[in-house]
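Copied over from TrEMBL, here are the features:
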COMPBIAS  563-579  compositional bias 'Polar residues'
DOMAIN    167-195  domain 'DEAD-box RNA helicase Q'
DOMAIN    198-373  domain 'Helicase ATP-binding'
DOMAIN    387-550  domain 'Helicase C-terminal'
REGION    1-24  region 'Disordered'
REGION    545-586  region 'Disordered'
Amino acid sequence: MHNGDSQDSLNSLHSNTNNNYYYTRPYSDASKNVSYKIRNHEKNNSGFKEGASNNGKGFRNFVVNGLNQRKFHNNLLLNRKGNGLGTNAGLALGSVSSSSSRGIRSSKFGDRLGKLDWGSQNLIPFEKNFYHEHESVSSLSNEQVDQIRKERKITIIAGENVPKPITSFVASGFPSFLIDALYRTGFTEPTAIQVQGWPVALSGHDMIGIAETGSGKTLGFLLPAMIHIRAQPRLRYGDGPICLVLAPTRELVEQIREQANQFGSILKLRNTAIYGGVSKRPQQVSIRNGVEICIACPGRLIDLLEEGYTNLSRVTYLVLDEADRMLDMGFEPQIRKLVSQIRPDRQTLLWSATWPKEVQKLARDLCREVPIHINVGSVDALKASHNIKQYVDVIEESEKKAKLKMFLSQVMVESTPKVLIFCETKKGADILTKELRLDGWPALCIHGDKKQEERTWVLNEFRTGASPIMIATDVAARGLDIKDINFVINFDFPNQIEDYIHRIGRTGRAGATGVSLSFFTPDKYRMASDLIRVLREARQKIPQELFRLSPPNKRTRPRNTGFRRNNPNSLPLGGSNNRTYRDLQR
């Protein structure tokens, strides 16, 4: 497809007779078009307002009053031709709902929880070392151990008496029925973080695990947790959980719970998911009835503790997943408040994709012994997966939407890849979603102001491919476990390089390859140096414009760089090198 033809299709809005409006764009190929037909009656009765301005900015805005994406989608009359786009192909426009029920809590949140004096309490001893080294592991020489770690890019940063790594499920020491379940699930061998993490966790050590997303860390802490739980006395009425997993977002909590259900059912272990944005009542009932594993966002769990529905006195296995993101979201006071309710001789496992100073300090404070620190991949925290082909397009702010639409026109012509687009703000995500849907693209939006029911629906539509384009903010997309995302687009470049690494880590997971495309505008010049380091480490092409923006070349904020679209060192559409975004797939 030629760029001109694509653009003509994207911009074709035709009025027709019978008071109908038609919007057509190519999707799978030139012969498979989708026409959206919206009657004026439907438009008027749905609160659909055209031409409204936004704070005087004068852009074309479409507002859906009081309706979320799913409900408004169901009110539209859709006509589909060809294969169609699935159930969500209509012109479903996202609406900004009321303030987030999960909003970041203040430091005073949780003050109703009493301060426990653990020194005065007679704590019942518990067992936390269940590891029996397999004979195939015991026979490994130091040279063989080093070779195993080197091949899997495992580095032991700190810790003493570190167990030898394993190379098979049989050598893990898990019961045979758990090993059989792993094979039935499709796993063939432990991932790098499991190779070293399982022996450490089963030995009862405090542990820090630094690994890129999609590395298998969830089972890295869940399976040892289940072995730990089986060795403890049974829960009595009124007891709280034995294993507590803290995570930053609802989606990550649900993904962890999915694997806890899958493997916990074999051991008859109960679990619950605790997070905001949904009714408290089912969560109150489930946790009061007793569960061995509690997977929770910090805020809602503190709510239930203050209301007396549970306690943390039985917790002996504590996991902090995505610790760096929880700190970024301002959850440190809540984490510390929750940990103060847990016995100090617990086993603590802290997992993170990066290792900033804030996470280092939290780890020092929470771990009661020197933790064994495992790093998988580069020791440098500013490191992206080498399975991801990274492209950076240095452009002006005004060019971003046109570039995005051209990109979609080119990469979605011959196939239907999954595209995840990041925006900096919730408002920006809503606006971009509306504009793409008006141009006919099957895009949906997810962010913290969306209700949990809507977020779950959007994720399912994206996961199944019914809506292959999802626009998200950092908080909403953190921890997404969707293995077949083909492209990640940074529509708004993040303000921290760690966020850049987290974002593009949504693709290229579990050994697959992926592509990231980032729109880098001159106002982000302070991020240029960090981005150059990440690109250089991954041996990616670095645009010359990025070097020119990098300090000390830019000591003051640039007003207008005058970068041209056809500069051969960027990734424009066309230009002297005749590159197109479709080339990103090659």
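Think of each number as a place in line: the chain as shown, counted from 1.
Using the three backbone atoms N, Cα and C, a Cβ is placed for every residue, glycine included.
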Original post:
Can you count helix, strand and coil residues in the domain 'DEAD-box RNA helicase Q' (167-195) using DSSP?
Top reply: 17 helix, 0 strand, 12 coil
Subject >> Folded-back contacts onto the domain 'DEAD-box RNA helicase Q' (167-195), same chain, C-beta under 8 angstroms, at least six residues removed >> reply: 130-134, 136-137, 148, 152-154, 202, 209, 211, 215-217, 219-220, 223, 226-227, 262-263, 266-267, 374, 376
**OP:** Determine the mean pLDDT over the domain 'DEAD-box RNA helicase Q' (167-195), rounding to the nearest whole number.
**Re:** 92
